[in-house]
Amino acid sequence: MITETAYAKINLALHVRSKREDGYHEIETLFAFVDAGDVLVARAAEADRLETVGEFADVLDNPFDNLVARTMSTLPREGGLHVTLEKNLPVAAGLGGGSADAGAMFRIIEQMHGLPDDWEEKAIRLGADVPACVASEMAIGRGTGTDLEPVENDMAGMAVLLVNLRVPLPTGPVFKAWADTAGGEDLGPLPTGTAREIARKGRNDLRPPAVAICPPIADVLQALEATDPWMCEMSGSGATCFALYDETEMRDKAARAIAEHHPGWWQMTGTLQ
């Protein structure tokens, strides 16, 4: 039996550069991963079987057509797998939950059976975030997010607080709103430097269109800003927001304050990998 965490992905910066002819967008982003997320448990079986449990298991559109099931059918191997997916991350939340699940599944199959030589191509076909989620290490992503570059990670161990309104926000409408409301304007490349420098100087170009679609996101950011974090921002296309702290005690104090004043909001704590 193998247990893997599907680490929550956050974008410490996300610059949208242009829309491509194929409909996808050229982006530059700083991927980071939290040491918490969904949990997958796998064991050998005669045939593939996927069981979903956890707080958000019932909101999966089709638990048998999610990225875990698709990963299992994509990677060749001998024998089946019985996989239990504990869905702790909200869906359509900007945390790469499905991609993180797929990344964990790649790591499980690598340990049990090994991966094919073309595994990266298979990962890309499953989703733009999947290659980054397989490694689950801080990296710069370019293109659609699949072209990964190393970055000096001087943020490992920082305390993280994730907060979500419990409102799903699909990626497609946010990118469309970016083109409509921002006119698709390129506001410039990702800064250079260490992870801290990029995160501090960077931006999330999808935050304005996401807030236009879901205005309460601004309330989450305001609540997080009031806890005096090192930085706070929306992750990906939203609606999850994150705050980073140099001290665990500050994060825990912030989490208690958020829970007290906004008991209906979802939250998760962890540290950056």
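Placed from the backbone N, Cα and C atoms, the Cβ positions cover glycine too.
Owing to the predicted nature of the structure, the values given are computational and were not obtained by experimental measurement.
As recorded in Swiss-Prot, the features of this protein are as follows:
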- K9: active site (ACT_SITE)
- D129: active site (ACT_SITE)
- P90, V91, A92, A93, G94, L95, G96, G97, G98, S99, A100: ATP binding site (BINDING)
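If you draw a 10 Å sphere around the CB of G94 (ATP binding site), it holds 29 other CB atoms from the protein chains shown. Summarising the environment of K9 (active site), the number of other Cβ atoms within 10 Å of its Cβ, over all protein chains shown, is 25.
D129 (active site) has K9, G96 nearby among the recorded positions K9, P90, A92, G96, counting only those with a Cα within 10 angstroms of its own Cα. DSSP classifies A100 (ATP binding site) as helix under the three-state reduction. Same-chain neighbours of the ATP site beyond P90, V91, A92, A93, G94, L95, G96, G97, G98, S99, A100, judged by a C-beta within 8 angstroms of the site's C-beta center, are, in sequence order, A8, K9, L89, G236, T240. Under the DSSP three-state reduction, P90 (ATP binding site) is assigned to coil, being neither helix nor strand.
Rounded to a whole number, the C-alpha distance linking P90 (ATP binding site) with K9 (active site) is 12 angstrom.
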